[in-house]
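Okay, so here's the structure we're looking at.
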Amino acid sequence: MWTVRTEGGHFPLHSPTFSWRNVAFLLLLSLALEWTSAMLTKKIKHKPGLCPKERLTCTTELPDSCNTDFDCKEYQKCCFFACQKKCMDPFQEPCMLPVRHGNCNHEAQRWHFDFKNYRCTPFKYRGCEGNANNFLNEDACRTACMLIVKDGQCPLFPFTERKECPPSCHSDIDCPQTDKCCESRCGFVCARAWTVKKGFCPRKPLLCTKIDKPKCLQDEECPLVEKCCSHCGLKCMDPRR
């Protein structure tokens, strides 16, 4: 007589405590749970946020450091940028990140964009970690980053209160043609630029606790070389050197 071994001993197959129906039910339940788990994984395969657009024409792709968003720590996403997949902060402009040398023993010359001085600079990359402000050569760095601040000035978006909305752009390079990434009542949006004086406005603060009433609408309303800049409200400011 056939029996089934359990922790408590043996049950005959014709025993009332054993049933092929029970086996079939458990098998179907297991398959259903696996299918549900697979569907949930498929639905939740992306973390919030948008990856930056690829800015280079890639003739050779570099080895990927991730395959999906969940290969990346915390809120980072797996993005294709500078000819390879890498973990990136979807809420920061890559070319504005500080230089990161990495923490392995290998050394190779790479290039990063020095946003403060507005130029591409070489550095020694140690091969692990780091960030997305990391390019194989100077040409790639310049192509990816030199247009992150386009000529022109953001137009006025009159508002007394600001809502925190997901940004539709992170920097000017995310916007088509001559449009700029501008502060609006609801996050940052691409907008047609105004004609401006030479120089660039100081960097915008990450967060404004209060939006001041506009002191100007465009550069022509500011004295001498001052520019009309968006800095928690429009105001005349000395251009960034």
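Even glycines carry a Cβ here, placed using N, Cα and C.
The following features are taken from Swiss-Prot:
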- 1-38: signal peptide (SIGNAL)
- 44-91: domain 'WAP 1' (DOMAIN)
- C51-C79: disulfide bond (DISULFID)
- C58-C83: disulfide bond (DISULFID)
- C66-C78: disulfide bond (DISULFID)
- 95-145: domain 'BPTI/Kunitz inhibitor' (DOMAIN)
- C95-C145: disulfide bond (DISULFID)
- C104-C128: disulfide bond (DISULFID)
- 147-194: domain 'WAP 2' (DOMAIN)
- C154-C182: disulfide bond (DISULFID)
- C169-C181: disulfide bond (DISULFID)
- C175-C190: disulfide bond (DISULFID)
- 195-240: domain 'WAP 3' (DOMAIN)
- C201-C229: disulfide bond (DISULFID)
- C208-C232: disulfide bond (DISULFID)
- C216-C228: disulfide bond (DISULFID)
- C222-C236: disulfide bond (DISULFID)
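Neighbour list (C51 (disulfide bond), Cβ cut-off 8 Å, at least 6 residues apart, same chain): K77, C79, F80, F81, M88, P90.
DSSP assigns C236 (disulfide bond) to a strand in the three-state reduction. Here the Cβ of C229 (disulfide bond) has 25 other Cβ atoms within 10 Å, regardless of which shown protein chain they belong to. Cα-Cα distance from C181 (disulfide bond) to C190 (disulfide bond): 5 Å (rounded to the nearest whole number). Residue counts of the domain 'WAP 2' (147-194) by helix, strand and coil are 3 helix, 14 strand, 31 coil (DSSP-based). Neighbour list (C128 (disulfide bond), Cβ cut-off 8 Å, at least 6 residues apart, same chain): G102, N103, C104, H106.
For the domain 'WAP 3' (195-240), the model's pLDDT averages out at 85.
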